[in-house]
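Q: Just dropping this structure here.
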Amino acid sequence: MASPSRPGNDCSHVIDHSHVPEFEVATWIKITLILLFLVIFVVGILGNSVTIRVTQVLQKKGYLQKEVTDHMVSLACSDILVFLIGMPVEFYSIIWNPLTTPSYTVSCKLHSFLFETCSYATLLHVLTLSFERYIAICHPFRYKAMSGPCQVKLLIGFVWVTSTLVALPLLFAMGVEYPLVDVPSHRGLSCNRSRNHHSEHPETSNMSVCTNLSSRWTVFQSSIFGAFIIYLVVLVSVAFMCWSMMQALQRSKQGTLAAKGQQLQLRKSESEESRSARRQTIIFLRLIVVTLAICWMPNQIRRMMAAAKPKQDWTKAYFKAYMILLPFSDTFFYLSSVVNPLLYNVSSQQFRSVFAQVLRCRLTLPHANQDKRLRAQAASTMDSARSVHRPLIFLASRSNSSARRTDKVFLSTSQSESEAKPQSKPQLLNHESPESDSVMKPANPATENGIQEHEV
């Protein structure tokens, strides 16, 4: 077994304050990152704000259920809070002066706690939205018993309470400290470290930053590892629910194709519309899963690197990899909050249309009931036009068929009445008389035409 001090008894391979100038980022890279983050900030705030307005309009017009609207609004709010809390600190502390930024303990703790809370609120909102759609599609009867404003408030409350509990340990684990302070009761590298003013008197060091406290190392590790497990559980759960919903829609489609008759055909068209809306929701959720997996994974890897071993044991290669990963992980993490409005627009043409209308401050979306009435009137007009242009011989055959069917219906009615009431007076109405035609004629001509066309 090789000696741990083989690379050098002076710990030259281990990171030290003297190595800080080697990892300073060039000014042009800092300016580029600030401009990139500024674009992400503006697009994220604008996109999520417009998303809140669009969902409210769609609900008011009858195109979106209130349960889904509440989930989407809460998700957009958590994304906005991520930008408002994280970006200002990102601009100055992490990008411009990542290694020498002074900070206050209270602001460090509050920023870490609030940022973690809003980040995991976004993650858990995806879970609750997927769960709500999963129950609605795979267990519709249970959904009717569970759905309602009270249940939605409970789910949203669960999201924020759980995310608060996930972030709570950071209130105790984070603080302002010289990052290379020895962790108590931790067996580090067995080599001779150079002692300096920063390590011997960290409380007066001018290189103190907002980092995990050495005295709370176990709390910090538990918090990061626990949050990573929650991240994996959410990804697996949402992926499983999306797969189950796709299977349920596939079974529903096969059952509908086996239906016959006009009444069942009507149900088929109605369920096709609902399946289309549900399919759009599933597409959105699948895109969300892919986005979370891609955009959150670099940030999770960086966090795991920070919690894997204390900074006092970081080598120069380890620290260099961490600093290279830092801007990429932060960029992808904020993109995950920007991409939600884009996914809404990709997965729903109606959302895309209303989104553009809100940006132009010109809403022209009709109510859902009005749209259905217009389609029904257009269909009725087309049916009437087709019936006017039919050949006379076809119309005559329809009339004869209608007369024969009317006789059959009338005779069966007379027979049933005579059997039920033998003492009553027999029917005196002639089947071929005009009165008979007037009695048996339906009140709605469109309905009569529809029945005759179907049976002919």
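Cβ coordinates come from backbone N, Cα and C, glycine included.
Predicted, not measured: the structure shown is a model, and the values here were computed from it.
Sharing the features that Swiss-Prot gives for it:
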type	residues	note
BINDING	HIS17, HIS19	Zn(2+) binding site
DISULFID	CYS11-CYS191	disulfide bond
DISULFID	CYS108-CYS210	disulfide bond
MOD_RES	SER397	phosphoserine
REGION	406-456	region 'Disordered'
TOPO_DOM	1-34	topological domain 'Extracellular'
TOPO_DOM	56-69	topological domain 'Cytoplasmic'
TOPO_DOM	90-109	topological domain 'Extracellular'
TOPO_DOM	132-151	topological domain 'Cytoplasmic'
TOPO_DOM	173-217	topological domain 'Extracellular'
TOPO_DOM	243-283	topological domain 'Cytoplasmic'
TOPO_DOM	306-323	topological domain 'Extracellular'
TOPO_DOM	345-456	topological domain 'Cytoplasmic'
TRANSMEM	35-55	transmembrane segment
TRANSMEM	70-89	transmembrane segment
TRANSMEM	110-131	transmembrane segment
TRANSMEM	152-172	transmembrane segment
TRANSMEM	218-242	transmembrane segment
TRANSMEM	284-305	transmembrane segment
TRANSMEM	324-344	transmembrane segment
Q: Which one is it: of the recorded positions HIS17, CYS108, CYS210, which Cβ has the fewest other Cβ atoms within 10 Å in this structure?
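A: Among the recorded positions HIS17, CYS108, CYS210, the lowest count of other Cβ atoms within 10 Å belongs to HIS17.
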Q: With H, G and I counted as helix, E and B as strand and the rest as coil, say where DSSP puts HIS17 (Zn(2+) binding site).
A: helix
Q: Taking residues 6+ outside the transmembrane segment (35-55), which of them lie with a CB under 8 Å of any CB in it?
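A: Distal contacts: 64, 68-69, 72-73, 76-77, 79-80, 83-84, 87, 90-91, 95, 330-331, 334-335, 337-338, 340-342, 344, 351, 354-355, 358-359.
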Q: Please indicate, using numbers and ranges, the residues of the same chain that are 6 or more beyond the transmembrane segment (110-131) and have a C-beta under 8 Å from a C-beta there.
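A: Sequence-remote neighbours of the transmembrane segment (110-131) are 68, 71-72, 74-75, 78-79, 81-82, 85-86, 89, 155-156, 158-160, 162-164, 166-168, 170-171, 174, 210, 227, 230-231, 234, 237-238, 241-242, 285, 288-289, 292, 296, 333, 336-337.
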Q: Do you know the DSSP helix, strand and coil residue counts for the topological domain 'Cytoplasmic' (132-151)?
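A: Grouping H, G, I as helix and E, B as strand yields 17 helix, 0 strand, 3 coil.
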Q: By DSSP, how many residues in the topological domain 'Cytoplasmic' (56-69) are helix, how many strand, and how many coil?
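A: Summed over the topological domain 'Cytoplasmic' (56-69), the classes give 9 helix, 0 strand, 5 coil.
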Q: Please list, for the topological domain 'Extracellular' (306-323), how many residues fall into helix, strand and coil according to DSSP.
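A: DSSP composition of the topological domain 'Extracellular' (306-323): 14 helix, 1 strand, 3 coil.
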Q: Residues sitting near the transmembrane segment (152-172): Cβ under 8 Å, six or more positions beyond its termini, same chain?
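A: Distant contacts of the transmembrane segment (152-172): 66-67, 70-71, 74, 109, 112-121, 123-125, 127-128, 131-132, 216, 219-220, 222-223, 226-227, 230.
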Q: I'm trying to understand the geometry here, so how far is the Cα atom of CYS108 (disulfide bond) from the Cα atom of HIS17 (Zn(2+) binding site), in Å to the nearest whole number?
A: 21
